[in-house]
Amino acid sequence: MASPDWGYDDKNGPEQWSKLYPIANGNNQSPVDIKTSEAKHDTSLKPISVSYNPATAKEIINVGHSFHVNFEDNDNRSVLKGGPFSDSYRLFQFHFHWGSSNEYGSEHTVDGVKYSSELHIVHWNSAKYSSLAEAVSKADGLAVIGVLMKVGEANPKLQKVLDALHAIKTKGKRAPFTNFDPSTLLPSSLDFWTYSGSLTHPPLYESVTWIICKESISVSSEQLAQFRSLLSNVEGDNPVPSQRNNRPTQPLKGRTVRASF
């Protein structure tokens with residue numbers, strides 16, 4: 001979904017996206033600030049259930065503004081169920097967002113508090129649609145688990161991902177990334193907030209049901225520095241580190257955030 005007409009600096013960053021993607025000013029944009037006192041506890045929300053088969057992990061790719069870990073998604077070996085969903089959603093990829101300092105980097109915030117980074121695990125509705133490409137623009141097409149990451153202790157669960165970054169230093173590089181279960185990155189509690197929102201970068205489709213975990217996971221300052229050392233340029237060009245790739249929070253515009261707890 002990356003294209004060269006947008007990015008995260010002053011010239012092509014989030015403040016400019018609406019010129020090319022008017023939906024940037026839509027009514028269901030993400031991320032948002034979760035105000036805990038206004039979130040509505042909803043007893044109808046079921047527990048989140050993830051079942052990921054490590055054999056579906058496929059490859060890691062430098063997409064310029066970030067990196068993606070992609071999964072085989074031609075069957076239901078790796079799925080998300082439960083929560084607000086009646087359908088089953090198939091795992092497609094995960095990626096991270098970060099900032100130029102440890103003070104900020106997450107996209108979602110909680111009561112105005114910014115975290116250092118944020119993990120997004122992306123799934124598409126395989127009960128209703130035949131591919132991610134078909135699902136990505138549909139209102140019930142995508143389900144993304146967001147996990148806030150707080151700077152502190154090094155997180156050993158991230159090590160396999162970080163060790164793979166040297167192989168994809170520049171934009172467009174890809175490398176095999178196999179035998180990995182992203183549920184190992186989830187916090188111990190799967191209490192969550194949920195709301196209807198969007199992709200957080202262009203094309204900004206309002207097609208995402210967000211599951212934001214209440215509990216954060218840890219990441220060390222050194223691990224965050226490894227994210228930032230990824231280069232957004234193609235090989236041979238002047239090195240341009242990916243310093244930040246997070247969109248500021250967007251207005252709720254009347255949407256309700258529900259809590260499972």
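Glycine is treated like the rest: Cβ placed from N, Cα and C.
Residues annotated as N-acetylalanine in Swiss-Prot, with similarity to another entry given as evidence: A2. What Swiss-Prot lists as active site, proton donor/acceptor is H65. Taken from Swiss-Prot, the feature substrate binding site applies to T200, H201. Annotated region 'Disordered' per Swiss-Prot: 235-261, in sequence order. The compositional bias 'Polar residues' annotation in Swiss-Prot covers 240-249.
For the pair H201 (substrate binding site) and H65 (active site, proton donor/acceptor), the Cα-Cα distance reads 10 Å. Taking Cβ pairs closer than 8 Å, the region 'Disordered' (235-261) reaches residues 8, 14, 27-36, 38-42, 45, 47-48, 64-66, 83-84, 97-100, 104-109, 118, 169-170, 172-173, 191-197, 200-201, 214, 227-229 in its own chain, all 6 or more past its ends. Straight-line distance linking the Cα atoms of the residue listed as 'active site, proton donor/acceptor' and T200 (substrate binding site), rounded to a whole number, equals 13 Å. Fewest other C-beta atoms within 10 Å: among the recorded positions H65, H201, that description fits H65.
For T200 (substrate binding site), other Cβ atoms within 10 Å of its Cβ number 25. DSSP assignment over the compositional bias 'Polar residues' (240-249) gives 0 helix, 1 strand, 9 coil.
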